[in-house]
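A.B. asks: Let me give you the structure first, and then I'll get to my questions.
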Amino acid sequence: MAAPRRRMGLEKIGLYDVGRAIGKGNFATVRIARHKIAKTKVAIKSIDVSALDRENLIKLEREVKIVKVIDHPHIVKSYEIMRVDNMLYIVSEYCSSGELYETLIEKGRVAENVARKWFSETASAVAYLHSQGIVHRDLKAENILLGKNSNIKIIDFGFSNFQTGDQLLNTWCGSPPYAAPELLLGNSYDGMKADIWSMGVLLYILVAGGFPFPSDSVNKLKRSVLSGLVKIPYWVSVECADFIRKMLVLNPGKRYTIQNVLQHRWMHIRDDVQKNQAAQLLEAIPSSSIEIRQQSTKLNPTIMMFMQQHGKWSEEQIIDAVLGRDFESPIFATYELLADKVKKGTLEGTGEEFPRRGSRGSILSGKANVDEQPLTPTISAHQLAQLNLSSPDCDSDDSSNSDLCDDSPMSSMGPMNHERQFGTPHGLDIIGNRFENRRHTLCASEQLLSPNMMGQFPPPNLLLNNFSMNPPLGFPPMPEGQAAEFPLPSLHPAFATIPIADLSKMLPVPKSERRASAGETLLPTNFDLTQHLANLPAPPISFPTVEEEGKSYLSKYGGKRNTVHCLGNQLGGGIQNPIPRYQRTPYTKAPPAERRSSWASPSLSAQQQNHLEKLFKQALQTNNDMTRLHKEFKGLSHGCAQSQITNEGSSLACPQISITDEYNRQHNIAPSASSFDPVSIFQKNAQEVVFGQRPATAIGFSSTSFSGMSTPEQTTRSIDDRVRSIVCTLPFTEVIDELKASLNILKIPFSESHEMVYEPQVTEMRRLSLPSGVEIGVAVLPPEHKAHVEFAIINNDSPTSEYLCDQLICRLRMIDPSWSSE
């Protein structure tokens, strides 16, 4: 046996034949292996202990301690811990479907019913960990595997830790895209609340197909996370969007707990079968490791007998190792692997423990005299076959060993889809699922049967098919009681002489396809639905009217925001209708560029302009009130343009009315004086100095300057004239203390407020408000450790306020010779 093992490249570690690597990390390598006695595939994580420092050694021992105490159906189960020289081996459950991340890369976002199933299983596992006082701290799609029947399995407890009560953690760990804001800021944090944030990011990825805070650097990620803005796509339901926002809350105290997650209404939108399965799952989860040991006190005698025959272990050794949960003993691992195999076989409906032979009503089932023999513990043939055969992952000995050393493209650690583009949402396609229900992608190939073999089978009888579908008038319908007398049409007396091919004896001819693991990827990995539909017979052409399409669309997507009936394809793009429609509808004469939106463009098309001018000329030609009002308006506007009527220093001009904020942005219109807010002006200017010039916001005003255009309420003095700013090289606190001392000397009362600016970066800011209408704001400049001081005058004409600002600025210049003006 040594020569074949060397030829196949298998390495022996304990009772395992170790094969190819399926994953690699900084200090560890994961390989696929096969247990000799249980004949089950497992995953072995090998770590070189000599290459680890003291901190990583502590984390490794903590991981070993955690995997020994956890046992949950949606957490990868560990079987054995082996220490050989400088190597540490962790034997765990093997999941053949790969990572959830690779599934999302291949198929894109999933439907909410699929996301609900996966997220519920993840939430149940996290709830179990938190009940044990364990925090994962590295929840992400790469650390979630898909097992049998697409069940979730959480892996990688390298960053996990124990947490009790209100204890806070300080270690920064995890992946930045999934990290909570308190971790990004380097503060002490609650590990359980950090897991909830990671779960919120995970759910967003499942339903949206992307990250909630996309960025290409850690600094940009911090700014995006600390802004608190989560943009959820329109196709996400209202309940799911609310659920995501409740988990992605910046304040950990207001963030959801795992109990709130399990009780959210989105988690309970499912049918009765799924509700019963979820309830049974939560009830079956043990709340502590003590209950796990109590459930395992009774051992399976069949497994013990099998282990005594194949492992040469005594009954006492098996009982001590299993009840003591000795992970460093091969006895415990062997028993657990065999017990899992028996459990899977029972759940899959393998039948009774002793299958019946014959019939209870047979005449041969009477009593018989049998000589009594001494009772000896034996293993039935069914149980022996169940334990001795390979697991569902291993077909046979040869196939298992060859799979361990498989170097085909499908066995590599790379993704199956090299384009890495999001495909059709998983769970939404109906026809595609019928063709993608196998793990391997199917490609075109030659037929299984040759033309000579196909010629040996008689052609199907068209007369028989016609008779089965539409019986002739000469044959009356057969009664229900006599239908079983003629199971095949060939047995009918009327068709006894007609040759009929027995299709049940023919070999099943598969489709023209083959596995992509052969190395010839002739077709893309994702099934092209359009090619399949092109081969189907064309249905009769019938084009629905616009009203019918509108009703159908609103019935499906009427609950979404910004949904408007009968929007033209020119606005939203999409697929144009290749065949024109000739139905008479109320919408056929509508202008093509017309749309119903508050963000409509102020410009008009040529068709609309001509139509409006035509209506205007027709209205002026008739001698009615419209003509008289038009002449009066022209006279008033002409008189106002020539005469200057002053009122408190402001010119009374014809106001320019802006319909939308987008129109203000295009014409660069400044806000009026009545809505002047010195606090907002100071925050904007302070952020421009601290973080540079910012682009124009969605409100519509430019970020640095204002236009000369004004409204009737705006004064002759601009906003920039009422705002003065300087930059001091003194520390932030000294500037605040100096300003407060100066105001106290002048006996001017003031009120102080402390604020934090979170966008685009967390910045500290203090504001001093004076009764005379002066607002003094001081902000921190993080890179240079300087202070940005800004004075804003609310009163338009107040010499006292200007004099006070000049005195305070002179005071700051005296104590700081290196000041600079803005």
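Just so you know, glycine gets a Cβ as well, placed from its N, Cα and C.
Pulled from Swiss-Prot, these are the listed features:
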{"type": "DOMAIN", "residues": "16-267", "note": "domain 'Protein kinase'"}
{"type": "BINDING", "residues": "I22, G23, K24, G25, N26, F27, A28, T29, V30, K45", "note": "ATP binding site"}
{"type": "REGION", "residues": "348-367", "note": "region 'Disordered'"}
{"type": "REGION", "residues": "389-423", "note": "region 'Disordered'"}
{"type": "COMPBIAS", "residues": "394-406", "note": "compositional bias 'Acidic residues'"}
{"type": "REGION", "residues": "577-602", "note": "region 'Disordered'"}
A.B. asks: Please give the average pLDDT for the domain 'Protein kinase' (16-267) in this predicted model.
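C.D. replies: Mean model confidence (pLDDT) across the domain 'Protein kinase' (16-267) is 91.
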A.B. asks: Note down the number of other Cβ atoms within 10 Å of the Cβ of N26 (ATP binding site), including every protein chain shown.
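C.D. replies: The answer is 8.
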A.B. asks: What does DSSP say about N26 (ATP binding site): helix, strand or coil?
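C.D. replies: DSSP assigns N26 (ATP binding site) to coil.
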A.B. asks: By Cβ count within 10 Å, point out the most packed of the binding-site residues listed: I22, A28, V30.
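C.D. replies: When each Cβ's neighbours within 10 Å are tallied, V30 leads.
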A.B. asks: Count the other Cβ atoms sitting within 10 Å of the Cβ of K24 (ATP binding site), across every protein chain shown.
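C.D. replies: The answer is 11.
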